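Here is what TrEMBL records for this protein:
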type   : residues : note
DOMAIN : 2-40     : domain 'Beta/gamma crystallin 'Greek key''
DOMAIN : 41-83    : domain 'Beta/gamma crystallin 'Greek key''
DOMAIN : 130-172  : domain 'Beta/gamma crystallin 'Greek key''
Amino acid sequence: MSGIIFYEGRNFQGRSYECMGDCADTFRHFSYCNSIRVMGGHWVVYEKPNYGGYQYVLNQGEYCDYHTWAGFNNCIRSCRMFPPYQGSYRIRLYGRPNMMGHHMDFMDDCPNVYDRFHYYDVCSCHVMEGYWVFYEHPNYMGRQYFLRPGEYRNCRDWGGYSTMVGSFRRVWTTRSTLAERVDGSFCPIVLPKSPQAHLA
């Protein structure tokens, strides 16, 4: 069963609210959020109402304080589920807006964008297959931006404040076993594929 429980206190204490689906504004249910328990499903929680502000991708597991989901603060104002995905992964990065300029295809995680893309900025992208997360800094640190399949003609399309993308990874939704990420959040354990990239 899919569901997510938000708690005002750390370690799952205090006022709580259980949500079973998308919610554009959580303010009437709780004032702030210091711990989260994901009972099932795959979620993106947002700092601001209507799916704005900081984004955090959460899978099934327990997050005892906001640091464990790499949170910048204890403010969660909206949340959204996304369905499981069992296919392949492909994303194309562009060095200029509107999917123009230098571009490169990826099918695997990338801990350092500059090392492989040779640009510090990602100005647009096309998610052809799978779900992905952009991170502001290398090694999956900093702001997170959840990407569904589709075209993103500028950084605002994925909720970004700048074109800086330091790393990115695939979002796996096909296994239930959990592992702790380097940033303290959790993700399913999946054996990595061999690095693949195509420079156009």
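Residue numbering: from 1, along the chain as shown.
Just so it is clear, glycine is given a Cβ too, placed from its N, Cα and C backbone atoms.
The shown structure was predicted, so the numbers you read here are calculated from the model rather than taken from an experiment.
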Apart from its near flanks, which chain residues at least 6 from the ends of the domain 'Beta/gamma crystallin 'Greek key'' (2-40) lie with a Cβ under 8 angstroms of it? 49-51, 58-66, 69, 74-81
Kindly report the helix/strand/coil residue split of the domain 'Beta/gamma crystallin 'Greek key'' (2-40) according to DSSP, in that order. 3 helix, 16 strand, 20 coil
